[in-house]
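Asker: Structure in structure tokens, see below.
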Amino acid sequence: MSILSLVEDRPTPKEVYNWRIYLLAAVASFTSCMIGYDSAFIGTTISLQSFKDEFNWDAMSTDKQNLISANIVSLYQAGAFFGAFFAYPMGHFWGRRWGLFVAALVFTLGAGLMLGANGDRGLGLIYGGRVLAGLGVGAGSNITPIYISELAPPAIRGRLVGVYELGWQIGGLVGFWICFGVDDTLAPSHKQWIIPFAVQLIPSGLLLLGILFVRESPRWLFLRGRREQAIQNLCWIRQLPVDHIYMIEEIGAIDQSLEQQRSTIGLGFTKPFLAVWSNKRIMYRLFLGSMLFLWQNGSGINAINYYSPTVFKSIGLRGANTSLLTTGIFGVVKTVVTFVWLLWLIDRLGRRLLLMIGAAGGSVCLWIVGAYIKVAKPTERDPDAPLDGGGIAAMFFFYLWTVFYTPSWNGTPWVMNSEMFDPNVRSLAQACAAGSNWLWNFLISRFTPQMFAKMEYGVYFFFASLMILSIVFVFFLIPETKGIPLESMDGLFEYKPIWRAHAKVLAQLREDEERFRTDIEESGYTKSDAQQVERVEQAESVPKA
């Protein structure tokens, strides 16, 4: 087997890798389009001269400008932090499907509220709208990865959850180029800066429409005791009959996992809270998941996403249009590399190796960019002077950092957090993981303007140092999860050393699979047997007169 081969825990029929599973993942990932667009458009929009003129920006002190910029950006993260936790009761009681619908609805209300802002009304509507939009995307960032991971076959689970990350990058790409387009084609006016705010309504509207046609997660239906509908949905998604041996295995694994959860943690709404506080194993995994998002945000990605014009100015680029163009190219690079990660890397190269390679390469690039700024002091040069050779090299290493970071730390923490928890604590665990992402996101975005003002080149050294530390964390604490069924994740955290756990669990799964199929063959199992059992079960379920 090559290092770039798909890892299957058992023989998987080709019907399982069908268009339906990709369509469901794509519709759910309009959530991440909302997030990506918001993270990309806001920093560039508030840098437009038309926005500054509308709100009398130039009359403010530099400190006040930095404070308002930070507030506009960080209120969104604050809302997202709380939205991630509000999503837990929605996902538990209403399901993944309707939870996503409510998240999109709240986001749409927030986006609509922002459209009422102008110079006379002030920034209050933008502040309020950003909080509501944050609540919506925070809830969506909790539910979407869970929904997709619960639908996905193990061998392509990383790829399918990666569609969520792809949606993020497509939304970001649109956000970057919308701002470049309005700056390049429209005269400074209210219309120029309000258009990027209005475009937020497109991905949320598509999600509101699309969610009406998707299927509920079978695993959530099993959890809620709606077994018949769960089996029906699972068969529809897999495109296999209920008596196929693959379906028998999967349903049996889900039943076994739920029975284990019922006898240990319990299946109620409050049971996961008790389990988290009383079970060190679950608490430890929550720590790992939250730390992955600390290292992700510690790479500097959100400082760049939200304040890209400031970042490029620190390297020596001048002019709003030039910064917007460079930011747009940054978005293109991220999107292209995300496709590579999605199609070839995440389920073939695996999670651990990607994280370590990305951190090592990205750290080197940031050290070089920071060293250039320290030595050359590009911000002190003539604003009309073109980039010199050192500046061009710094831009090259910035984009090379993007190539290292994007297929490693951008989406992989979301994939791992969606798959490494037991079914009954998965919603709560994902809420904690998503909440931690938005907490670190908030802290970075809130203080980035002040960091660039005070630290200058030191900002790049700071993020480069954190990327080095993340390598040590991943090597010693994070197991590989590719190709492992959700119901078998516990084993990964029981074997030591952690870097050998994946091979041991996979070998055990294949041994169990071979034994199961041998037992099935020796029992003389046929499809007609399964159909007869199903008919008997249906007959027994009919009420007697």
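Quick reminder: no glycine exception, Cβ is built from N, Cα and C everywhere.
Keep in mind it's a predicted model, so treat the numbers as computed, not measured.
The region 'Disordered' annotation in Swiss-Prot covers 520-545. The feature topological domain 'Cytoplasmic' is assigned by Swiss-Prot to 1-22, 88-97, 152-159, 215-285, 347-352, 406-457. The topological domain 'Extracellular' annotation in Swiss-Prot covers 44-66, 119-130, 181-193, 307-325, 374-384, 479-545. The transmembrane segment annotation in Swiss-Prot covers 23-43, 67-87, 98-118, 131-151, 160-180, 194-214, 286-306, 326-346, 353-373, 385-405, 458-478.
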Asker: Do at least three CB pairs under 8 A connect the transmembrane segment (194-214) and the transmembrane segment (67-87), leaving out pairs fewer than 6 apart in sequence?
Answerer: no
Asker: So what's near the transmembrane segment (353-373) in sequence-distant terms, Cβ-Cβ under 8 Å and 6+ beyond its ends?
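Answerer: Cβ under 8 Å, 6 or more out: 295, 299-300, 314-315, 341, 345-346, 390-391, 393-394, 397-398, 400-401, 403-405, 407-409, 412, 456-461, 463-465, 467-468, 470-471, 474-475, 478, 480.
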Asker: Cβ under 8 Å, sequence separation of at least 6 from the ends of the transmembrane segment (131-151): give me the contacting residues as numbers and ranges.
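Answerer: Those are 21, 24-25, 28-29, 31-32, 34-35, 38, 75-88, 90-91, 96-97, 99-100, 102-111, 113-114, 157, 160-161, 163-164, 200, 204, 217-220, 237, 414-415, 417-419, 426-427, 430-431, 434-435, 437-438, 486, in sequence order.
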Asker: As a test: from 23-43, 98-118, 160-180, 194-214, pick the stretch that has the greatest number of Cβ pairs under 8 Å with the transmembrane segment (326-346).
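Answerer: Answer, by Cβ pair count: 160-180.
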Asker: May I ask for the residues of the chain that lie six or more residues beyond the transmembrane segment (458-478) and have a Cβ under 8 Å from a Cβ within it?
Answerer: 288, 291-292, 295, 298-300, 303, 314, 351-352, 355-356, 359-360, 362-364, 366-367, 369-370, 373, 409, 416, 448, 451-452, 498-499
Asker: Over the topological domain 'Cytoplasmic' (152-159), what is the model's average pLDDT?
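Answerer: Over the topological domain 'Cytoplasmic' (152-159), the predicted model scores a mean pLDDT of 90.
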Asker: Could you tell me what the rest of the chain brings near the transmembrane segment (23-43), counting residues at least six beyond its ends with Cβ under 8 Å?
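Answerer: Residues 69, 72-73, 76, 100, 103-104, 107, 133, 136-137, 140-141, 143-144, 147-148, 151-152, 160-161, 163-176, 178-179, 196-197, 199-200, 203-204, 206-207, 210-211, 213-215, 237, 302, 305-310, 327, 331 contact the transmembrane segment (23-43) from elsewhere in the chain.
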Asker: Please work out which recorded stretch in 98-118, 160-180, 286-306 has the most C-beta pairs separated by under 8 angstroms from the transmembrane segment (194-214)?
Answerer: 98-118
